[in-house]
Amino acid sequence: MFGGQVAAPINSPHLRRSGSRAVVSDLGAELGNGVENSYVHPLELNGSKNASIPLVTAAIVPSPTLLWRFKVLLFLLWGFICGKTGWQSVMRMSADLRDLFLYEAFLYYNPLLLVTTMVWLWGINLWVFSRSNINYAKIFDLDQNHLTHREIWKCATWMTIVVPTSMTAYLYLYSNGEVSLAASQPVLLYFAVVMLLIFPFDIFYFSSRYYLLRALWRIVLPFQAITFPDFFLADILTSMAKVFSDIERSVCRMVHRQVATIAWFEADSVCGSHSVAIPLVLVLPYLFRFFQCLRQYRDIGERSALLNALKYSTAVPVIFLSALKYHVLPESWTNFYRPLWLLSSVLNSLYSFYWDVARDWDFSFARMFKFNKSHLYSHLLHGRTWVYFWVIGSNLILRCTWTYKLSAHLRNNYLTVFTIAALEIFRRFQWIFFRVENEWNKINSRPNMQVSMNDPSDDEVKLLSSSAGGYNV
């Protein structure tokens, strides 16, 4: 029992002579089953210079599948905690205050939730393009450091975590009487988003943030030739007009210190539902796109640019006729302005639907049912006829319902408007597939592209051969 050998820890300081240290040498040997390197630790034992004990250490690295499952488990646990905490906080309020407070909380956070949804769907767009023959980096003039679909999804994951967490904290703090702390939650979140976008240092995808801000600057001030990324992003912004309108109302309440109060509930207040700023912000994306079309007509002289500008101008009556409900007599609205609003809504929806299918996607209505000829349509979905029926049909329906969102007098039904805004983002997600592929087909059909894809010319062959001959030794 006491006469046997005692196994001391191999890294014990008592096994080293005073002043000596363990020496680690990498043998570069690779072992299977997760063992990456082998190490030998020569230790001087009891003054003996030649005594050494070899030690093999195995680096235990969890598999990617195990890590992914663990992350999903943490994500679901976080979602459960946020959902339970938010529900208990809402149920703790009185019934007459509950709906009013939810409307306010929803106003602050639903714009960022819609943006998060758009980022997730954009990652899916890039994933599909990466698995097809569409070079989206060339279409959007991206450098080699552009974000891939995996990095886009990583950003969307963090947005999915941060935004609901802030919303849960807002509900919890307000329901427990911490009004000032609750009011600070949306303010801090909006401030963090702005700082993250304009942060001038080379961290957190600096080149991609600069690319986005530069494109937004060109959209707001179209003083230069319009490129495909410019009007592509501007088209996406038209689908997010509701987002910008709600952001304006949220920032207005933050500036006037109306967060977590009921001062804004007065319809005629500076941030109320009758504010003139609401239709002005709603119309801005359409005006940006309208001036882009005029600039495009000035540069290339195509008549289709004017017709496209006319399409965006049809959204202006929809927005301002709806806003007139709060500024005219009820009889005037019912008998005169409301029929004009309905007429302008139908015109805008049908005109936009026609342009989506016939111009943006280049689907000829004369060949609408010849989907078996895949070369006439998208190369992404060969032989899947039902997809074309679904995309065209859903685009028509969602174009009509999208008018509901543009109407300021209907925005008090916040859950309905949020659902329609989310469906519009889904419609734009579908639109992107066919619009980007149509642009890629146009690029490939240009003569200069055909020349570059062919064999090199005789002059190029001579130049290459002479260069190669100069380096022969």
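Placed from the backbone N, Cα and C atoms, the Cβ positions cover glycine too.
When TrEMBL is compared with the stretches 129-151, 451-473, the one noted as region 'Disordered' is 451-473. Looking at 70-87, 107-129, 187-207, the range that has the most CB pairs within less than 8 A of the transmembrane segment (219-241) turns out to be 107-129. Here the transmembrane segment (187-207) has Cβ contacts under 8 Å with residues 112, 143, 145-147, 151, 155, 162-163, 166, 213, 247, 250-251, 254, 259 of the same chain, all six or more residues outside its ends. Long-range contacts of the transmembrane segment (155-175) within the same chain, counting only residues at least 6 positions beyond its ends with a Cβ under 8 Å from a Cβ of the stretch, are 75, 78-79, 82, 85-86, 89-90, 92-93, 101, 105, 108-109, 112-113, 115-116, 119-120, 123, 147, 181-182, 185-186, 188-189, 205, 260.
Sequence-distant neighbours of the transmembrane segment (70-87) (same chain, 6+ residues past either end, Cβ-Cβ under 8 Å): 62, 157, 161, 164-165, 167-168, 171-172.
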